[in-house]
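Trainee: Below is a structure I'd like to ask you about.
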């Protein structure tokens, strides 16, 4: 049973999901869109967002059928214990691997832009140890933390966009409506990384205080992310152009460097954005690390996830250092999401939802026969 101190509201669940999604993917999104879809990047964002909305709908409906249960307990009921262990092991591998990618990207950003002389090993291990502390405090503490920091990220991004608007070259957006279906479809798997994180609802919803507004909150959250990504891409490509955007590894940080406030109201805005982004990246790592620790505790039949947090850290640390550079990191992320992302984010929710519906329908038919 889930204790009262581990219950979170629908708003907290939605904010947890938002932070998990935008934490790292937002950094490189315009660059990926420019490379894979060019000026049609806006269409790729909308197409990917609609797919994610459909998957979130399926996940919420599945979790509503099994209120108070995580994907582990649901899996046991639907496919039995042996297959549950296999599926859960895949989820654990997925979350640990994504955590290693997230912390490596974090380390690369901090080392490149802030701590030039600090070994990346030190940055990574510091991030992991700090994250493990709040995870041990439970999901309620995590939810409160994300609820506090989200406005500190969204408001500066909105202000920067407003300040940049007069200086944008909107001719860089052309041709904007010459749709190429094949180009858009080919770009979706790459854009999907920037939306990954919604699958954590398979755990978060098990701790959510259910209301009728649960579906509404989460779908509105995805719509908000789609809107933010669209605005972010349009501002980025209008500022740098398609070719210029392709050479920007982290367009968000590059954009912040070009901002000039009137009368030097704020200097070094890029430093402010970097500091705020650190907190957002922290929440993404926090969610995936919690996801892994919790599922390990479920497999081993432990009552708490706390004791499994620290043992995971060395594994993530070693995995994070495998890529030789940032290019390899993003290449391996794409490859990994092709293999495991489809299983955790698409196949599992759809398959389990279908099984649950069939089981529910079969149960009704049996009840009618008994009557």
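Don't overthink the numbers, they just go from 1 along the chain as shown.
The backbone N, Cα and C atoms fix where each Cβ goes, and this holds for glycine too.
Remember, TrEMBL labels are computer predictions, not curated facts.
According to TrEMBL, the protein has these features:
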TRANSMEM  12-34  transmembrane segment
TRANSMEM  40-60  transmembrane segment
TRANSMEM  81-107  transmembrane segment
TRANSMEM  113-135  transmembrane segment
TRANSMEM  147-168  transmembrane segment
TRANSMEM  188-207  transmembrane segment
TRANSMEM  219-241  transmembrane segment
TRANSMEM  272-296  transmembrane segment
TRANSMEM  308-330  transmembrane segment
TRANSMEM  336-356  transmembrane segment
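Explain the structural surroundings of these features, please.
Mentor: Under 8 Å from some Cβ of the transmembrane segment (40-60) lie the Cβ atoms of residues 30, 33-34, 176, 178-180, 183-185, 187-188, 191-192, 194-195, 198-199, 201-202, 205, 214-215, 218-219, 222-223, 225-226, 229-230, 233-234, 237, 345-346, 349-350, 353, all in the same chain and six or more residues away from its ends.
Tertiary neighbourhood of the transmembrane segment (188-207): same-chain residues 2, 6-8, 13, 16-17, 20-23, 25-26, 28-29, 32-33, 36-37, 44-45, 47-49, 51-52, 55-56, 59-60, 63, 68-71, 73, 98, 139, 214, 218, 222, 225, 229, 284, 287-288, 290-291, 294-295, 333-334, 337-338, 341, 344-345, 348-349, selected by CB-CB distance under 8 Å and a gap of 6+ residues from either end.
Note on the transmembrane segment (336-356): residues 55, 58-59, 61-62, 65-66, 71, 74-75, 78-79, 87, 90-91, 93-94, 97-98, 101, 189, 192-193, 196, 198-199, 202 of its chain, located 6 or more positions outside it, place their CB under 8 angstroms from a CB of the stretch.
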Trainee: Decide whether the stretches the transmembrane segment (113-135) and the transmembrane segment (308-330) have at least 3 CB pairs under 8 angstroms, with pairs required to be 6 or more apart in sequence.
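Mentor: These two segments touch.
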Trainee: Among 12-34, 219-241, 272-296, 308-330, which stretch has the highest count of C-beta pairs below 8 Å with the transmembrane segment (81-107)?
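Mentor: The listed stretch sharing the most Cβ pairs with the transmembrane segment (81-107) is 272-296.
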